[in-house]
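A.B. asks: Checked TrEMBL, it gives:
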- 344-371: region 'Disordered' (REGION)
- 42-61: transmembrane segment (TRANSMEM)
- 88-109: transmembrane segment (TRANSMEM)
- 121-149: transmembrane segment (TRANSMEM)
- 156-175: transmembrane segment (TRANSMEM)
- 230-252: transmembrane segment (TRANSMEM)
- 258-290: transmembrane segment (TRANSMEM)
- 311-329: transmembrane segment (TRANSMEM)
Amino acid sequence: MKSEGGQNWTPITPPTGSNLHAGTHYIVGAPPEPVTSTLVNTWFSVGIVLVFVFFGLTRAVERSAYGGMALDMLDRITGPLWQRLDDYIRAIIGAFFVAIFAIGGVYLTPDLKTPAEWASWLQLVIAGMIFSRRTMPIAGLGIIALWVLALRDYDLFHLFDYLALGLGVAAYLILEPSKHENWRVHRLEALRWGLAIALMWSSLEKFAFPSWFYPLVVEKPFLTFGMPRDVFIPMAGVTEFTLGLSLVWIPLIRRLSAIALLVIFTAAVWPFGRVDLIGHGLIMAILLAVAADHSRETHFLPEFKKKIRHIPAGIAAAFVLYGSAYWGLHSAFYGPEGYAGPAITEKTTHSHSPEYPHGPQAGEIPHGIQK
């Protein structure tokens, strides 16, 4: 990687800072844990069973008389927001980019640092373009361009964490002002899918690199709700993945899951601070929009998702698809043994070693917290 001054540098960057998706500095190219470590993990299996129960019970309620009542109640509560939903989303996206401009020195999120000052000004321009329907598509293309430009400073694999959500927001900005209603009707769906894919992809870090989260457990032990470290991390990964998948399932499941995720992200604001609020503000706003979505249609595999007996197969297929992509692409980019890159001189939270890619903290967790 090169900075504007031409000097080589290797970013060691932090994941997003919620209690579901948080950590300190880490090395993207470090070798991941084998997939089999996840598959044989007892707490991963427990989490999956609990998810099956949630999906099944919610679907059973939805197809009963109580399902319509539950959706009607959600419609009444969110009615005022639904009436102005597009105005709300545009205002939130604009405010997000103003906040990113104010932070300065980042691409699209506080996690992606850059020495390029022009990136901040470009994001302010994007914010301004959102308030005119004529320039909204240009703003959407600008978001995609910023992600591409971030490749100057970051590995492609790391930027996959931010691709889906960025594409979802860009698609919304392009579709919303469209005069073709058959295209425009999918604008909110694009947001949902972008966020769902982003959550499912980022959740896999908890299975591939669980030790990235060990220092967080020590620093903020209350996040585990009293659970041992090696119980909490895999179950948190299952929760994040399946709640993300829920956003593209049937209406009641996706709206309840959006509310659950909104509660989780909101609860993370106080312990992680204002920067976390900015980093997750757009996600939280989209979750509120999903909860307020009165649409009761499911466009992708609707008949499959309506049947309770298909739930295990659907969740398993999603894990296989995303797991294969995550481990497969990591191996393609960094090789089976991983790649840590050259050492850097700046002080980081973790050491820069292929053998101990997560630093001495990972091995110095107090014994009472590990088990």
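All residue numbers here begin at 1 and follow the chain in the order shown.
Cβ coordinates come from backbone N, Cα and C, glycine included.
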A.B. asks: Using a Cβ distance cut-off of under 8 Å, indicate which of 42-61, 88-109, 121-149, 258-290 has the most pairs with the transmembrane segment (230-252).
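C.D. replies: Maximum Cβ contact count belongs to 42-61.
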A.B. asks: So what's near the transmembrane segment (88-109) in sequence-distant terms, Cβ-Cβ under 8 Å and 6+ beyond its ends?
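C.D. replies: Sequence-distant neighbours of the transmembrane segment (88-109): 16, 81, 115-117, 119-121, 123-124, 126-128, 130-131, 136, 143, 146-147, 149-150, 153, 162, 166, 169, 172-173, 176, 191, 275, 278-279, 281-282, 285-286, 289.
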A.B. asks: If we call contact 3 or more Cβ pairs under 8 Å (sequence gap 6 or more), are the transmembrane segment (42-61) and the transmembrane segment (311-329) touching?
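C.D. replies: Output yes: the transmembrane segment (42-61) sits against the transmembrane segment (311-329).
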A.B. asks: Please give the sequence-distant neighbours of the transmembrane segment (258-290): residues at least 6 beyond its ends with Cβ less than 8 Å from one of its Cβ atoms.
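C.D. replies: Residues packing against the transmembrane segment (258-290) from afar: 16-20, 22, 81, 85, 88-89, 92-93, 95-96, 99-100, 103, 109-111, 165, 168-169, 188, 191-192, 195, 198-199, 220, 222-223, 243, 247.
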